[in-house]
Every structure is written in structure tokens, then in C-alpha cells.
């Protein structure tokens with residue numbers, strides 16, 4: 001282990017040493033670049049772009065490009081990037097993570113690698129955690145730096161229409177949020193008009209701000225485009241009515257994992273309540289699903305901690321557990337959101353199914369090069385390396401850190417802890433020192449707020465309930481006498497600047513109300529103080545009644561704290577390295593567990609990723625192709641050849657003419673397509689291979705039908721383009737129809753696959769095998785349905801106008817028994833699965 005850590009440490013030092021060599025080359029060009037006139041910068045950019053096209057690499061262009069960007073930043077913003085910011089910029093260009101402490105200028109640092117990589121003509125996306133930050137950089141002086149350099153800059157936010165998004169994505173540099181970027185990707189892969197695509201270039205390079213928040217904290221939260229499903233409102237209400245009758249003996253909560261299940265006594269009670277024999281019978285699967293969601297909603301989900309209730313608009317709002325922000329428009333999936341609505345007595349909205357989905361883990365791995373910035377990534381460097389192939393390189397601060405980080409104060413009860421917190425806060429507030437109080441939940445922030453009101457201490461609250469005032473509150477948090485309560489470091493991404501005279505008072509004082517599951521979040525809170533060499537102070541107040549202690553320490557930690565207080569000089573508060581280490585050990589355990597869980601989920605999600613890429617790549621080829629007729633013909637030929645071959649090999653008499661005609665006309669062709677005498681002649685000709693002959697004959701029928709359909713449009717020049725559009729539209733709609741069903745099938749498979757462990761089988765291997773079977777079955781159905789729909793479709797009747805009306809596809813839900821049984825066999829998937 002020591003050798004492994006030593007190797008990592010040495011590799012980090014080596015990367016920094018190489019970065020210094022490059023940064024020195026940048027500095028050597030500063031005097032030369034400073035002689036340029038303002039108008040020369042855009043000219044220089046054009047020259048560098050030309051050099052790249054002529055064969056120069058970005059690494060070769062880096063020193064001059066960075067020197068230009070640095071001088072441009074100085075002229076436009078009045079701020080000169082420090083040497084350490086050049087180091088960070090080099091690390092970003094190399095596709096790694098630059099860990100830069102709060103206030104060290106990550107915003108300016110990103111300009112240099114963004115400018116350099118945009119010289120290639122490929123898209124550069126600078127990704128922020130919220131729209132406020134994206135707009136601030138685009139509209140402000142940072143965007144002006146790029147414009148000064150002759151680069152185009154775009155902004156991508158959810159209020160932009162399709163045309164605005166298309167223009168933004170064509171810019172050299174795009175400022176965007178992670179969520180909007182991901183949803184645009186999903187929406188693009190549901191488009192049926194190529195002209196509507198917003199991202200028409202490859203995903204080349206992304207710089208992710210607060211990279212740990214997006215790629216670690218939000219990794220488990222998939223982006224989902226939903227569709228309405230069959231209503232089951234009454235089941236939600238009945239399930240909620242049932243759980244309200246339960247006592248502690250009826251259910252069991254696992255605190256560490258926050259899972260809940262009915263006990264045997266609870267199962268019996270459910271069966272009596274719903275008047276059924278066996279809750280776990282397959283016929284009661286929907287009821288069981290609703291009961292489980294009702295249990296989660298009632299006993300593991302807490303208002304003002306996991307979600308907010310907006311009674312005015314009658315809706316449940318998710319609280320981001322890592323930022324404390326509300327997430328309007330987002331829903332808990334799989335019916336949990338509706339269960340919470342039932343719990344809170346709100347109108348139950350329609351449950352949704354998945355139309356398209358992707359996780360941030362898999363979305364950001366689409367980029368050819370990925371880099372990121374944050375003040376807190378070192379604790380998660382193993383995950384960044386394993387999942388994203390990025391190293392975390394600590395960038396030294398420009399000025400030494402002088403913040404004082406005091407040991408934790410520890411208490412037995414929450415009351416003792418809060419009393420001590422208010423005591424210290426009051427003492428510091430009296431001398432005018434600004435104070436930032438960090439909480440882990442909205443609920444705790446409001447408890448602290450009530451206590452401050454009792455002491456007549458004016459303060460601001462920054463949590464999910466008032467996130468709209470975030471920038472305004474943070475801007476004032478460093479002023480004299482300011483007291484700010486922030487949940488899970490809401491306000492991250494905006495510096496807290498000290499007001500006049502605050503340095504003399506000791507700078508910003510940060511008081512944490514408890515330890516978070518992740519050391520990173522604690523470090524983010526501490527990092528709000530002591531920016532750029534400013535003085536600062538931080539201390540955490542923890543108790544044995546804190547959630548982290550309750551989940552992992554139990555009564556053991558309470559006994560330890562009680563013992564320490566007895567031997568301490570203070571009656572209540574005391575500090576102990578042993579207890580601090582104990583909590584740190586818990587945090588490491590949770591972090592390791594969360595990492596393992598994210599890896600576990602990623603392993604499953606990678607199966608869907610491979611399938612999604614196959615579908616989306618083939619779909620896009622069809623969408624943008626101007627040769628869709630040829631694509632469709634090739635697909636039909638292979639589909640028919642396969643079907644005919646299967647029919648021949650399954651028949652004792654290989655060419656039963658009437659049976660063959662009936663089979664093909666039922667499955668693919670319009671009635672009376674085939675002539676019985678012609679088919680008999682083909683089958684009975686001793687000089688030819690009847691299988692090959694009939695395959696060629698049937699494909700000629702395909703070409704004849706397609707030509708007759710096309711002839712209908714050729715008669716009217718205004719409608720000539722509709723034939724190709726019609727083929728494309730039908731093909732894409734069928735792909736989407738089946739793929740969306742497949743996503744939900746895979747979701748159901750994932751939820752149910754855990755039960756195979758009872759049969760001593762590996763659940764992942766079983767998921768992989770059955771997922772491949774589902775995928776191959778879907779591919780076959782897509783090919784069959786495209787062939788049948790187009791051959792049987794009457795363009796003359798239905799395509800008098802462009803194809804905007806709904807086409808009703810063949811219902812393929814009535815599978816034969818063999819396809820209903822999931823089989824485990826090796827499945828091969830290709831880049832063009834149905835070709």
C-alpha cells in the first residue's frame with residue numbers, strides 16, 4: 001500500500017514538474033506578446049489556426065497560445081493570471097484535474113486551455129454547475145477575453161430555443177451546465193429531422209468546473225427524458241393508507257444503506273390489509289412495487305432534508321444532497337415521486353416511463369478529452385483515475401494558506417452542540433467577524449435560524465428554499481457582521497470576498513454543524529475561508545446524535561464522548577483527536593462504500609451504454625443520410641434473406657410454396673404480392689438453388705413495391721422529397737418505439753435480477769446475458785417491423801402531406817412462447833445491428 005501511495009505521489013510531482021517546464025516557456029514569450037496591438041490578437045488566432053491545419057500539434061502551439069490568452073486576459077479584465085494558474089492550465093490541457101483551492105482563480109485558468117483547444121476547430125465546452133455561473137462568464141469579461149482573441153462564444157441554458165442552441169453549439173467555446181448538455185444529447189438522439197439537431201460536431205473537449213460535484217456526487221443520478229404511463233393513482237393512495245397503519249415491528253430499516261423492507265409480521269399485515277394470499281405472487285408485482293415506494297416515502301425520505309414541498313404549486317421538489325439546491329423539473333424515478341405526493345397529500349401526477357436516459361459517468365466519457373477543476377478532488381483520486389482516466393494534480397497556492405483549522409468540538413447531545421455553536425457564534429459576531437455556518441440539511445439550517453432569531457442576530461439563509469438569492473447572499477457573506485447559514489455549501493462556485501476591515505478581525509469564520517458523509521464537502525466548507533492568503537478560521541461541532549454517528553457509531557461513540565467530557569476541563573464541549581479520527585474513519589468507510597457502489601452501478605450501466613451507442617450511431621447514420629433508400633433496401637434484403645432461410649431450414653420439404661407465400665405475406669408483404677405459379681417454378685427448377693432463387697425473387701418484389709411507392713411522388717415535383725422523408729421517418733419512429741420499450745425492459749430486468757442470487761448465480765453475469773437476449777430480440781423486431789411497415793404502407797393514401805401524423809406500427813407485444821422465456825446464450829452485437 002505504501003509503495004502504491006508513493007507511486008501516486010511521485011507521479012503527481014512528476015506531472016507538476018513537467019507543467020513547470022511548459023509554464024516557463026509561456027512566461028518567456030510574455031514580453032514579446034505584450035508589444036502587440038489589440039487588433040493583432042484576432043490575427044494571431046487566425047495564424048495559429050492555420051498552423052494547426054498545416055500539421056502543427058496543439059502541444060507545439062501551447063506556449064504562444066497561452067501567452068496570447070494570458071495577455072488578452074490582462075487587457076480585458078485587468079487581472080494577470082498567476083504562474084500557478086498557468087500550471088493549472090497546462091494540467092487541464094493534458095486531460096487531468098487541477099485541484100486549485102478556493103480563490104485561486106479557476107475561472108481565469110480555464111481560458112488558456114479552452115482557447116488552445118478551440119484552435120483545432122473542434123468544440124470546447126466549459127461546464128458549470130448552474131446557469132448563473134455560465135451566464136456570468138458568457139456575458140461578462142471572461143467571454144470578452146475570447147471575443148478579444150477572435151473566438152466566438154456561446155451560452156447554452158434551458159431557456160434557449162432550438163435555433164439559439166444550434167448557434168451556441170457552433171461557437172468555438174460554449175458555456176453550459178452539465179444537465180443541459182446531457183439533456184441536449186438525449187433530445188438530439190430522439191430527433192427525426194437532421195436540421196433540428198443542436199450538437200452537430202463531435203464531443204471533443206470539455207473543461208468541467210467543480211468536477212467532483214458533477215462526476216462524483218451526481219454520478220448516480222441519471223438524466224432521464226420521461227413519458228407518461230398508465231395511471232395507478234389509487235394504488236399510491238392505498239399503499240400510503242397501508243403504511244400509516246404500520247408499527248416498528250412491521251418493517252426493518254438498514255441505517256447504513258437506508259433501505260427498508262417489510263418483516264414477516266409486516267408481510268402478513270399487508271396480505272390481510274389488501275385481502276390477498278401472497279404479496280410476492282407475480283400477479284401482485286405492481287402492488288408490491290407501490291408498497292415498497294410507500295415504505296421508502298414514509299420512513300426513509302424526510303421533508304426539508306431529501307425533498308421540499310411547495311404547497312403553493314402543489315409539488316414535491318428534490319433537494320440535491322450535495323449542493324442543498326432544489327431541482328425544479330426533476331422527479332424521483334420509478335414511482336417514488338408519486339409516493340411522496342401521496343404521503344404529503346398532494347395531487348398525484350402521472351407516473352412516467354423512461355424515453356431516454358444516460359448517467360453523467362457515461363455522458364462525459366463520450367468526450368475525446370476531459371478535464372476538470374475543483375478545490376477538493378484528492379480524496380477521490382482513485383475514482384477519477386479508474387472511471388475517467390484522469391489524474392488529480394494539486395496546484396500550489398499563489399500565496400501560502402494561513403487559515404486556522406481548529407479541532408472538532410464534540411458533544412453527547414444535539415442540544416449541547418447547538419448551545420455551544422451559538423455561544424461561539426455570538427462571541428465572534430460581537431466583534432463584527434463575518435460567520436458562515438454550514439449545515440447538512442434544510443431542516444438543520446432552519447433550527448439554527450430559529451436559535452439566532454431568539455438571540456436577535458440578523459442572518460441570511462442559503463438553502464433549497466431560497467436558492468434564487470444565492471449570488472446576492474454569497475456576495476455579502478464576507479462583510480462585517482454578516483452571518484450566513486448555507487446548506488451543503490450552497491453557493492459553491494462563487495467566491496466570498498472579505499469586506500473592509502475584516503482581515504483585521506481574523507477573516508471569515510466557518511462553523512460546521514456536523515460532519516458530512518464526504519470529507520470533500522467538509523473541505524469545501526472550510527475552503528470558503530482563507531482564500532488567496534486571507535486570514536480565516538474553521539471548526540466543526542459534532543455530537544453522538546448526528547446522523548453520521550447514529551448510522552455508523554451507535555452507542556459506542558456516545559460512551560466515548562461521555563467519558564472524554566468527564567475527564568475534560570469543560571462541562572460540555574471538548575475536543576479529541578481520537579474522536580476526530582473516528583469520524584474521519586467513518587467518512588473514509590462511507591466514501592469507499594459509495595465508490596464501490598458507483599463502480600457497481602457503472603458495470604451494469606455499461607451494458608446499456610454499449611447498446612445505446614449501437615442504436616444511436618445507427619440512428620444518426622439514418623437521420624443525416626441522403627441515401628436512406630439504399631439503407632432501407634439493404635436492411636430489407638438481409639431481413640428477408642434471414643426469414644426465408646429460417647423458413648426453409650425449418651421445413652422438411654424445403655420449398656412448400658403455398659406455406660411460403662402465406663408466411664411472407666402475413667409477416668412482410670401486402671396480400672397477393674406473390675404469384676403461386678412463379679413460386680412453384682422457382683422451387684421446382686432442378687438447375688437452380690431454390691433458396692437463392694427465391695431470396696432474389698422476393699427482393700425483386702421489394703424493389704418493385706418501393707419503386708411503385710416512389711412513382712407516386714415523382715408525378716408531383718412538389719412532393720418528390722416526401723418519399724425519402726417518409727422512409728426515414730418510419731424507420732426512425734420504429735427504432736425509437738422499440739428502443740424506448742427496451743430501456744424500460746432493461747430497467748425492469750435490473751430491478752428483478754437480484755433475485756437470481758438466491759439460485760447461486762452471479763446477478764451481473766445473468767443481467768449481461770439476459771440483457772443481450774433482450775437487445776438481440778429488439779434488433780430482430782426493429783428490422784422485421786421496418787420491413788413490414790414500409791412494404792405494407794400506402795404512401796398514396798397517407799402521405800398527401802409531409803409525414804406529421806402518427807403511423808401505427810405492427811403490435812409486436814404478442815410474442816410467441818419461446819420469445820417470452822428469457823434464454824441465456826452468447827449474443828453478438830455489431831455497429832449496424834439490423835444490417
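Just so you know, the numbers here start at 1 and follow the chain as drawn.
Every residue gets a Cβ built from N, Cα and C, even glycine.
Feature annotation from Swiss-Prot assigns ATP binding site to 85, 103, 104, 105, 106, 107, 495. In the three-state DSSP reading, residue 107 (ATP binding site) counts as helix.
The compositional bias 'Basic residues' feature in Swiss-Prot is assigned to 820-835.
What Swiss-Prot lists as region 'Disordered' is 805-835.
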Let's check the environment of residue 105 (ATP binding site): how many other CB atoms sit within 10 Å of its CB?
20
Largest pairwise Cα distance, Å, within the listed ATP binders 85, 103, 104, 105, 106, 107, 495?
16
Binding-site residues compared (104, 495) - highest count of Cβ atoms within 10 Å:
104
Residues flanking the ATP site, with Cβ no more than 8 Å from the Cβ centroid of 85, 103, 104, 105, 106, 107, 495 and excluding those residues themselves
100, 102, 108, 109
